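Here is what TrEMBL says about this protein:
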- 250-521: domain 'UvrD-like helicase ATP-binding' (DOMAIN)
- Gly271, Gly272, Pro273, Gly274, Thr275, Gly276, Lys277, Thr278: ATP binding site (BINDING)
Amino acid sequence: MPQLAIDSTCLAQYDKLDRPTRERLAAVTRKFRELSLRALLAHPDLRIQALPAGQDPRIRTFRISDSWTGVMLAPESGETFLLVHLLPRESAEEWASDQRHDVNTVMGTLERRDATALEERSVAPGARPEADPALFSGVSDEALRQLGVDSEIIRFCRTLSTRDELADWGPAVPQDQYEVLIHLAEGMPVDQVMNEVVLPRRAAAGGRTVPPDDYDAAIRNTRHRVRLVKDDEEVDDVLGREFDAWRVFLHPTQRSLAYRPAFSGPAMVSGGPGTGKTVVALHRVKYLAENLPLGGKVLLTTFTNALVESIRRDLALLVGEELRADVDVITADKLALDVVRAQHPDVSMRRDADARGLFANVVGKQGLLWSADFVFQEYRHVVMAQGITTVEGYLDPDARRGRSTPLTVDQRREVWNAIATARAWLRRTKQLPTVELHAEAARILDERAERPYSNVVVDEGQDLHPAQWRTLRAAVSPGRNDMFIAGDNRQRIYDNTVSFKQLGIRIVGRSYPLRVNYRTTTEILTWADQIMRGQSVHELGTSAPEAPGSTRSLLRGNPPVLCGAADPAGELAALERQLRGWLADGVAPGDICVTTRTRKVLTEVVGFLRSRGLPVARFNPQHHTVDDSAGTVRVTTMHGVKGLEFRAIAVFGATAGALPLMEHVTGPELDENQHRSDLAAQRSLLYVACTRARESLYVSWHGEPSPFLPVG
């Protein structure tokens, strides 16, 4: 009997179908289980038709409804149909006529190309001016063939001069070959591309060469883009939930990291937004949970409660209930609070803002020359960051390395006395700020003969304070597979500078970059990267500069929509129009998020949108999960979307007065280095908010736009 497979291209289109059309699609595709191949092709209601002049004789169209047409790849041998696309009737035949599917015999996968566009490119005169150097001049045809690039694409490659030109043609080029080409274009050596891109796909195909006519095998090997529908599944159920499955799908190039039997010590994966860091971390947890020693436990930690709930939901897609019982998914702060309360039940956590007020009280009483902000930063960024416990440690000449405001020995003693007084008050109240709580938790854990976890996996590691890292380091004994870290310093939105070496987390030789973005479109990523222009980004936990230009997207879409308004009322009205446009285009309310810089503006936005009858809900990552109020448009601060993703994001209020928000930036007169660090964190905050969008990004402001925005 025929079997149906579904290409991931169908996911976004499925969201646009109304309920009757979805039911019709389910009824149509159900016949693939009920009829023989011959009866299926001859069925009058399906109207399965070959294209009169298409590039691929295997492509067929079939009727879903009066308005929608399905495009599928019909088998010449075997019995697997591939549902390729769902399109409005008027555009389906034209799109389908341009496409051709081929088996990549080197990688064993099925690929699609816009054959018409590539043909036109190959015959166009002057495709590359002779004066321009060829993009792939340093790579031979033979090397390209060994990497799975076929003759047609090799000819196409020789017409290209720039990486941007290659990116523009990305939608037309076969997907796996395109990934090979973008790595080569970034300067990656041929043997590295072979190891990181080609060989993992060959391994997924069983390590064998797939014949060019074995479409059944190629479809089964293309698990990163294609989903086989099981006999007991309905297509509407598969499409309705498949985004969840693809969200935790591990790309073949990442499998060797997630399922490596042993790292000799702490290991780290890094990469820009959408590169799959969290997915790799989740699969690493799965491997560790499946191989735990008797009585062992895995800690999976991330930054906020909202991220904890999101990760728990995703982990449930990978790991059964019995194994999940051996995995603690909590924030680092929750771990520290639990550890401390086990010995001191009356201790609670105090907000940093409250602790800052206590420091102001101490500074005022002692009549210091320095502001409370300066003393609090010395406490947070010097004393607590380095775990200093004595005045001698603070007087060490290297203790304040990186702080630009000089202090004499006597001045340091005065500052230390203020810090020690404030810390003593904090401990007497038994209400400890985060860093103080972690210092106590790390001390307690270090005194234990046995550590509570066999393995620790850290997601969103870039924003953890050194005190939080000490707790995590103390939660697991050093050794094989002890720590696995995922993070990206481009997305560091808090002012925490970390040296893994000083914290006893030695990752030298075990740091692995992820270079391909699988979530955000090229248009959004390219625009957002300009926000970080001129910024020096260091690898997480080190002082080593990160290699530039290391992340590329495989997806294409619309450019961000930028909207400047004359006044706040105009900006709110424009936001309403944008949200209604997304909803009219079939984007579900729960797939839309509006972000603001401050809670005050958030409240104004929520009130306005509710008054206009739009389904909105205020989202707080510390108290809500991403599933709360899923039928509404979420509105949250830019900090609130950290680590999350939405189909459409609206960044509201990106004005010069909000980004940077100078009340949260240290004055240069206090500390020039901290001033620069605070500005960089605010720039990263805007970058994080913009790169949460999968398909659509809208950015608005009134009056003068933020200087961080690439709008000039």
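Just so you know, glycine gets a Cβ as well, placed from its N, Cα and C.
Restricting the average to the domain 'UvrD-like helicase ATP-binding' (250-521) gives a pLDDT of 92.
Counting every protein chain shown, 27 other Cβ atoms lie within 10 Å of the Cβ of Thr275 (ATP binding site).
Close to the recorded ATP site, the chain also has Asp488, Leu514, Asn517, Tyr518, Arg519, Thr551: residues not among Gly271, Gly272, Pro273, Gly274, Thr275, Gly276, Lys277, Thr278 whose Cβ is within 8 Å of the site's Cβ mean position.
Counting other CB atoms no more than 10 Å from each candidate's CB, the binding-site residues Gly271, Gly272, Pro273 peak at Gly272.
In the shown protein chains, 25 other C-beta atoms lie within 10 A of the C-beta of Gly274 (ATP binding site). With a cut-off of 8 Å between CB atoms and residues at least 6 apart in sequence, the same chain places Ile311, Asp314, Asp459, Glu460, Ala486, Gly643 near Thr278 (ATP binding site), listed in sequence order.
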